[in-house]
């Protein structure tokens, strides 16, 4: 137990000393509306309101100076194999600087790769597609905000984080990359940029953290108009923080880690913590209807939002009052949420905040098998006894976790010899079947103690035993380094990806079993012998849960291998939907899941989406082609996509 923010969260929010020199309560430049103009109740003085806070972003505008240009995350944080030992570099995560003695055994068991081969990062490209942005448009845009046509600036904003994205990035083989990047700092500048696009008929792609895994920010390959990426990350001010009302008005380009750092330094939190929160933005969360690991306490993004402002080609959408709820026909806030950049640019968001919890405690529980862990989670949800985060790993995930542990680790959690003896010998758990639940409990000391006691009691009914607080903390924070594994995998000719769904409780076990078996069948049909398919239950609700699948296999690293992966994932998604699962829980639709969109929302729902597009963006300025929107020409709506 630790008061206030925990050590691992602190590690996640810390950056270099220079990047952390943030001046509090600095009034932004006069291009941002003044505080009095931001407040709806003008003339009301409140000592509990902080004025505009201009945030020093943890990620520079030239992302390639700090982040990997060819993969996920920071340059100084990566999995490596050297002299027969695996380790994780850097000091940003709990795993940083640690040797991983179990990793090579895991890699050999599942993939049989040559670990003696040196993994050499791909060389940074030196040639790029020529920018198609006419000089007249460039001159007009440069009058509004900073603009770049530099090749690397454009390349690293040409993609998200799908397997195909990363493959094309490493090969510099995108069919189309943006023609320019612009960094507005204010809502008004975004309005001016959108008006310029309508005037000159070029395309805008809103871009935040670039963490999308649905292909949503990929440039339409056959788009003949110039494409401008509107990078929102310079719009990262906290416009006001109302400590009495527990609300904050925030520019939508702020990174999750920056938002949390600033609020935590003042004793508050939003509590929205998706796996990508280091690099993803508030506007991206809104545009994709995101979910965080602590949603049981703080809610999903739709539960956190009070008001949004979005710039569309036909005007600005914003409710005229900031109230907790309104009965005024359909809620257009929900049209903005999940719009995936196809309708406009989110510029400002009013979100709920909460005081930092006085007590934060991690925990873990070990169960004999997946079914026992599942029934425990179901009962916890039935009793509405969920802590902030509760996640169940299957045995394959459990063993993957074991592979990522430092010395003295065992079975996916760090257990001392006595605990290991107790679980395997006395309790009789099979190491090839047992599963682990990781817990994060937040609140008052009394609340946390009561919650932990209740969870342990429910666990005992299903054969679960406590695995320790340290194990829970390690299991929770491992979430932030899992994305780094793919870079190492690609270096050793292993393609890997994750996909998720939501499903009702009564169909969960069948869905997990059948989807895994479908993947195994697809691998057998393609003579793929070295692979892993695993899953974890990450979020729970009254009516069901979220299931996250992880799939990887050994192959030659080629476009054919990427297509093979995509074919197998498509088959897995067909199986998921046949078993009652959703198209996505929080990753969205993008371009990768368009196939299932209409059957998910119905044909009238599809037409309603297209009608919204016609009303807000008749010239298809935001021509991303996600969801039901065609990438190029849509005759039904007469959407324009060519000069």
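Cβ from N, Cα, C; glycine included.
TrEMBL labels come from automatic prediction, so no person has curated them.
Copied from TrEMBL, the annotated features are:
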{"type": "ACT_SITE", "residues": "548", "note": "active site, proton donor/acceptor"}
{"type": "BINDING", "residues": "206-212, 275-281, 288-291, 340-346", "note": "FAD binding site"}
{"type": "BINDING", "residues": "486", "note": "substrate binding site"}
{"type": "DOMAIN", "residues": "174-356", "note": "domain 'FAD-binding PCMH-type'"}
{"type": "REGION", "residues": "1-22", "note": "region 'Disordered'"}
{"type": "SITE", "residues": "391", "note": "site 'Important for enzyme activity'"}
Nearest of the recorded positions (391, 486, 548) to residue 210 (FAD binding site), judged by Cα-Cα distance: 486
Tertiary neighbours of residue 280 (FAD binding site) (same chain, Cβ under 8 Å, six or more apart): 208, 209, 211, 255, 256, 274, 290
Distance [Cα-Cα, Å, rounded] between the residue listed as 'substrate binding site' and residue 342 (FAD binding site): 29
Mean per-residue pLDDT computed across the domain 'FAD-binding PCMH-type' (174-356): 96
Rounded distance in angstrom between the Cα atoms of residue 206 (FAD binding site) and residue 391 (site 'Important for enzyme activity'): 32
Sparsest-packed among the binding-site residues, when each Cβ's other Cβ atoms within 10 Å are tallied, from 210, 346: 210
Cβ neighbour count within 10 Å of residue 342 (FAD binding site): 25
Alpha-carbon spacing, residue 276 (FAD binding site) to residue 548 (active site, proton donor/acceptor), which is rounded to whole Å: 15
Rounded to the nearest Å - Cα separation of residue 346 (FAD binding site) and residue 391 (site 'Important for enzyme activity'): 31
Neighbourhood of residue 548 (active site, proton donor/acceptor), C-beta criterion under 8 angstroms, separation at least six: 498, 499, 500, 535, 536, 537, 538
Residue 342 (FAD binding site) and residue 391 (site 'Important for enzyme activity'), distance between Cα atoms, whole Å: 33
